[in-house]
Structures are given as C-alpha cells and as structure tokens.
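Some notes on the structure that comes next.
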Amino acid sequence: MPSRKFADGEVVMGRWPGSVLYYEVQVTSYDDVAHLYTVKYKDGTELALKESDIRSQSSFKHRKSQSSSSSPSRRSSSRSRSRSRSPGRPAKGRRRSASQSREHKDDKKKAIQETSLALVVLVLFKPSENNTKRYNGEPESTEKNDTSCIILEQKLKPDLEVKRVLEQYSLRSRKDDKKTEEIFSEKKTFVAVKPIEKVSSKTKELEFGGRIGTFMLVFLLPATVFYLLLMCKQDDPSLLNIPPLPALDSLWEWRVFGVFLLWFFLQAVFYLLPIGKVVEGLPLSNGRKLQYRINGFYAFILTAAAIGVLLYFQFELHYLYDHFMQFAVSAAAFSLALSIYLYVRSLKAPEEELAPGGNSGYFIYDFFTGHELNPRIGSFDLKYFCELRPGLIGWVVINLAMLLAEMKIHDLSMPSLSMTLVNSFQLLYVVDALWNEEAILTTMDITHDGFGFMLAFGDLVWVPFVYSLQAFYLVGHPTAITWPVAAAITVLNCIGYYIFRSANSQKNNFRRNPADPKLANLKFIPTATGKGLLVTGWWGFVRHPNYLGDIIMALAWSLPCGFNHILPYFYVIYFICLLVHREARDEHHCKQKYGLAWERYCQRVPYRIFPYVY
Ligand code: NDP
C-alpha cells in the first residue's frame with residue numbers, strides 16, 4: 001500500500017471539484033482506507049480529495065517576468081468587468097445599435113479571454129487573499145443572470161482556448177508541459193467524475209441523535225403510525241383518550257399481506273416497462289452516472305386504469321379501509337425485511353458506493369440512515385423505485401378507498417365536500433410529484449441519504465398511512481363545511497401550490513440552464529463550484545420557499561377536517577418539524593459546499609422558511 005504523500009497541516013494546492021482550478025488548501029487529515037485527504041480551503045470549505053487532485057505549492061511557481069506583466073492588471077480587468085455586469089446592464093444592451101452590438105460582442109469575447117486569463121493566472125499562481133475571496137465564493141457583487149455572466153460564472157472556456165492562453169503567457173506549472181496536458185485531459189474526465197457529495201468516506205457527523213437517536217427512531221416511527229391509526233379509529237380521537245391495544249392476532253392477515261405484495265410487484269412491473277425517457281442522475285463519487293427511467297406518471301395512469309377496471313367489476317375498494325391497520329402492519333413488516341436485506345447487501349458494496357450520510361461504521365446508525373447509496377438489482381434501482389411509486393401512488397389509492405368507504409358507511413350518493421377537497425388537494429400533489437419525477441434525482445434523498453430503514457419505512461409506511469390520515473379521519477368523523485369555507489381553503493391550497501411549484505421550477509430551471517432567458521431578471525451569487533445561488537425571485541424571499549409552499553398546502557389539507565380534534569393536524573405539525581430539520585441539514589451541506597458564498601447568501605436572505613419569523 002503506497003504511503004501518503006502530503007502530511008497533516010501541510011499547505012498545498014487542491015483542485016476544486018469539477019474544475020481545473022487549484023486553490024491553496026491545508027491538509028487536515030488522511031483516510032488511509034479510502035485514500036482520501038480532507039483539505040480545508042481558505043473560505044472554510046472542507047472537501048475530501050484524491051492524491052491526484054493535490055499538488056505541491058512548488059509546482060505552481062511561475063516565471064518572475066510573467067508574473068508581474070500579466071497577473072495584477074489582468075486580474076483587476078477581469079474583476080471590473082465582472083462588476084460591470086451587475087444589474088441594469090442588459091437593459092442598456094437591448095438599446096444598442098448594430099455596430100454597438102458588434103462592439104459589444106467583441107467586448108464580450110475580450111471579456112471571456114480576459115476572464116479566462118485572469119482565472120488561469122489565479123489558478124496557476126498562489127492567489128492573494130482578495131482573489132481567493134472573489135473566486136472562492138465571496139463575490140463583490142451579485143451577477144445579473146445574463147449569458148455573459150454565466151460565462152464568467154462558469155469560469156471555464158473550451159480547453160483549447162484556455163490552453164492557448166496558457167501557452168501565450170507561459171503560465172504552466174513548472175513541472176513540464178505534460179502536466180498541462182494532463183490537467184486538461186483530466187478536466188474532461190474530472191467533469192465526469194465531479195463528486196456530488198464529499199467522496200465516500202466515513203460519516204463523522206451523526207444526525208438524528210446519533211446511535212441512540214436512530215435506535216429509538218426504529219421503534220418510535222412504527223409506534224407513532226400505529227398509535228395514530230388506532231386513535232383515528234376511535235369515536236373520540238382526542239389526545240387524552242388513549243386507545244386500547246388491539247389483540248395481536250387481529251393485526252395480521254396473510255391475505256392482506258398478499259394484496260400488499262401484489263401491489264408492490266405490480267408497481268415494480270410498471271417501473272420496468274420500457275416506456276418513458278431514460279435520464280442520467282448526478283455524477284457519483286466515482287464519476288459514474290446512473291440511468292433512471294422516468295415513467296412514474298405512466299405508472300400512475302396504468303394504476304388508475306387498473307383501479308377503474310377493479311371498480312367496474314364491483315371490487316370493493318373499501319376493503320382497504322376495513323383492513324387498514326393490517327395493511328399498515330404488512331407494509332411495516334415488508335419495509336423491515338427490506339431494510340435488513342439492504343443492510344446485509346450493503347456490507348458487500350464497494351466503499352465508493354456507500355452513502356455519504358450513512359457510513360459511520362455503527363450498525364444501528366447505518367441500518368437506519370442507509371448504508372448503500374444506490375442499491376440496485378441489475379438496472380432496478382430500489383431506492384428510486386420506492387421513493388415515488390408504491391407509497392406515493394398508494395397514498396392516493398388509499399384516499400380513494402376512504403372516499404368510497406365514507407359514501408358506503410354514511411350512505412351518501414356523493415362524497416362530502418371535506419373529503420372531496422382532501423382527495424383533490426392530495427391528488428394534485430402526487431400527480432405533480434410524478435409529473436416532475438426527474439426533479440427527485442437532485443434531492444438529498446437520492447444524492448446523499450442511503451437506502452435504509454428511514455427511507456424504506458418512510459416511503460412504504462409513513463407516506464401512504466400517515467399522509468392519508470385526514471381522509472381516514474373523515475370517514476369516521478364526518479365534518480361539514482360550507483362552500484365559502486371550502487373556497488377559502490381551496491385558495492389557500494392554490495397559494496401554497498403556486499409557491500411550491502414556482503420555487504421548485506425556478507431553481508430546477510436555473511440549475512439545468514442558468515442562461516435560460518426566462519430567468520434573465522434573476523440575480524445570483526456566483527460560487528467557487530461554478531453554480532450560482534439565486535438571491536432574487538423566490539429564493540431571495542426566503543432560503544427555502546418551496547418548504548413554505550409545502551407547509552401552506554399541508555395546512556390546507558388539514559382545515560377541511562374542522563377544529564374538533566388536533567389529530568388531523570398531526571400532518572402539518574409533523575411536517576413543519578420535518579422541514580425545519582431538513583432545512584437545517586441542507587444548510588449544513590450547502591455551507592460545506594459553498595463556504596463564504598453561502599454565508600453571504602444567508603446575509604442577503606436572512607429568513608429560512610417563514611418570512612420575518614424563521
Ligand atoms: P430543495 O429542493 O429545497 O433543494 C435544496 C438544494 O437547492 C440545496 O441543497 C442547493 O443544492 C440548492 N439551493 C439552495 N439554495 C439555492 C439558491 N438560492 N439558488 C439555487 N439553488 C439553491 O431540497 P429538498 O429535496 O429538501 O426538497 C424538494 C421538494 O420536496 C421541496 O418542495 C420539499 O418541500 C419537498 N419535500 C416533501 C416532502 C414530503 O414528505 N412531502 C419531504 C421532503 C421534501 P445545489 O446548490 O447543490 O443545487
């Protein structure tokens with residue numbers, strides 16, 4: 001086994017992931033299992049780097065004459081250009097004449113060249129404090145989201161262009177020309193191997209209360225589901241009216257378990273159908289990109305058709321209501337078995353395929369959070385499948401079963417207004433998630449969390465059985481609401497949905513194509529990773545506007561249940577806790593990713609979810 005090349009505390013040049021930029025970093029530790037160095041950038045960002053992405057400072061020494069002639073002036077030129085592209089600039093540009101426009105193009109070209117040069121200078125020379133700040137995440141000003149800024153933000157130009165600049169100014173590292181070739185040929189592969197997270201190594205910071213917390217959650221989560229369902233079945237579901245424990249043998253029925261398995265495997269068959277496009281996920285730590293078939297919406301349509309056929313043949317869907325608890329127990333047993341299988345198979349998974357957040361080495365923690373990032377059987381991605389299919393589609397089927405049960409039990413020719421609202425709102429939410437299925441590929445669940453008990457139980461039990469609590473409640477506790485109240489609740493849901501959808505779309509579109517003309521009015525803070533952080537639009541309103549919209553919708557789902565009991569409000573209370581915790585986790589990751597740029601963003605946008613409150 002080769003020994004490490006760089007010592008702890010040594011100041012070296014570390015490559016910024018996904019770019020050819022090298023910054024001064026300090027080695028803080030070395031993981032001799034994963035062969036990764038943890039390095040700290042000047043802005044406080046910590047990353048794990050391979051030895052091949054680290055160079056000694058001496059290899060970046062330059063020729064004196066070139067240093068003085070090119071670096072300072074070029075650098076300032078680049079920076080002033082950068083500043084000049086702040087707000088207001090494009091409006092002027094639109095008024096330009098043809099010749100001015102040509103001039104502008106030339107200008108732009110020059111700007112690109114100078115920017116590249118400045119960056120190359122910055123890359124190959126030891127950066128001064130100011131420059132480090134400018135390019136390592138602390139902008140002097142925000143950038144207007146026009147194409148030229150994107151070029152500035154992206155920092156990288158086609159290899160040949162940068163190479164030409166390098167040759168012209170002889171700014172290569174001293175080693176030899178081959179090194180430069182290496183950097184640029186590596187760039188292509190490196191862009192491909194850009195890690196989405198800290199390259200897999202041991203998880204040091206434990207979340208969810210660490211080992212004790214996760215141990216308790218393994219029992220607490222199922223207990224909560226069963227307690228809620230038992231409460232909801234009672235005539236008086238008040239908090240103080242503790243439900244009696246049911247007989248154990250009443251909780252299990254093989255037929256119900258069989259129906260659950262049938263449901264799960266039917267969804268698996270739909271998932272395997274060769275319909276819908278195939279897209280690539282974000283690059284993994286080893287550079288590979290997994291492929292995902294986007295056909296959740298088709299699966300939903302097929303499921304709707306299957307349910308339609310069942311109803312046509314008089315299948316009594318309220319069977320689900322009658323055996324609701326047994327279905328929940330079946331789903332919980334299945335998710336537990338799945339989690340055990342996932343943990344056992346993860347023990348054989350290569351280190352690089354383990355989840356950044358679930359590789360602590362502690363059994364219970366890794367079992368709970370998920371040890372393996374993307375467990376697959378062939379091309380069947382277990383986590384991706386469970387995230388949106390059996391549980392989410394199952395949720396709307398359960399809601400429909402509750403609606404039919406309500407009509408049957410209360411002998412109604414039409415479902416109640418409250419039940420109609422709850423079903424419609426939640427149907428909209430699920431259809432939206434399936435329609436935008438691709439967006440899930442960039443979420444924390446896919447990129448950071450492994451597949452373990454937390455997600456298996458969450459996807460297969462918590463979502464379908466807890467999220468349908470309002471519909472379940474309404475069957476046993478009819479609540480009459482007037483049309484004006486229904487209209488007001490509908491408006492609230494629409495407001496929530498509008499914020500949720502437009503915030504998510506704004507960010508997704510910006511991430512997919514920052515040069516999108518539709519986003520031209522938005523401002524962003526550039527960061528050292530090449531990605532910008534939006535500071536206007538929804539993401540300038542609060543730091544997680546999508547969570548705000550989601551919470552408003554959650555409230556609208558509970559309101560049709562009236563105010564007699566707090567039980568139907570469990571969802572909105574729990575959801576606020578979940579999103580506040582999730583927001584804190586995301587902030588932590590973003591701070592690690594973006595360093596000072598993130599702090600700057602937090603200064604610009606001080607509220608996390610609720611404006612002027614939190
Ligand atoms: P988000 O969609 O909120 O994404 C967070 C990421 O967005 C950050 O990690 C960062 O990633 C990027 N980002 C943050 N700030 C900015 C900015 N200013 N400009 C541009 N990009 C920024 O993550 P979630 O996965 O938590 O949520 C997705 C949706 O799912 C939300 O609408 C949420 O409400 C919903 N949800 C629903 C749940 C439910 O049970 N119903 C549970 C959890 C979530 P990067 O910079 O790397 O792109």
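Count begins at 1; order follows the chain as displayed.
The backbone N, Cα and C atoms fix where each Cβ goes, and this holds for glycine too.
Here the structure is a predicted model, which means the values were calculated and not measured.
Features of the protein shown, as given by TrEMBL:
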- 4-62: domain 'Tudor' (DOMAIN)
- 53-111: region 'Disordered' (REGION)
- 66-75: compositional bias 'Low complexity' (COMPBIAS)
- 76-97: compositional bias 'Basic residues' (COMPBIAS)
- 101-111: compositional bias 'Basic and acidic residues' (COMPBIAS)
- 208-230: transmembrane segment (TRANSMEM)
- 254-273: transmembrane segment (TRANSMEM)
- 294-313: transmembrane segment (TRANSMEM)
- 325-344: transmembrane segment (TRANSMEM)
- 455-475: transmembrane segment (TRANSMEM)
- 481-500: transmembrane segment (TRANSMEM)
- 521-542: transmembrane segment (TRANSMEM)
- 562-581: transmembrane segment (TRANSMEM)
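Beyond the ends of the transmembrane segment (294-313), by six or more residues, the same chain brings 266-267, 270-271, 273, 275-279, 388-389, 393, 397, 400, 430-431, 433-435, 437-438 to within a C-beta distance below 8 angstroms of the stretch. Counting C-beta pairs under 8 angstroms (sequence separation of 6 or more), the transmembrane segment (325-344) fails to reach the transmembrane segment (481-500), with fewer than 3 such pairs. Highest Cβ contact count with the transmembrane segment (208-230) among the listed stretches 254-273, 455-475, 481-500 falls to 455-475 (criterion: pairs under 8 Å). Packing against the transmembrane segment (455-475) from elsewhere in the chain are residues 221-222, 224-225, 228-229, 232, 237, 321, 324, 327-328, 331-332, 334-336, 338-339, 342, 370, 383, 386-387, 390-392, 394-395, 398-399, 402-403, 405-406, 409, 416, 418-419, 422-423, 426, 445, 449, 557-558, 560-561, 565, 567-568, 570-571, 574: each is 6 or more residues past its ends and has a CB under 8 Å from a CB in it. Long-range contacts of the transmembrane segment (254-273) within its own chain (CB-CB distance under 8 A, at least 6 residues past either end) are made by residues 293, 295, 298-299, 302-303, 306, 323, 326-327, 330-331, 333-334, 380, 385, 389-390, 393-394. As a whole-number mean, the pLDDT of the domain 'Tudor' (4-62) in this prediction is 75.
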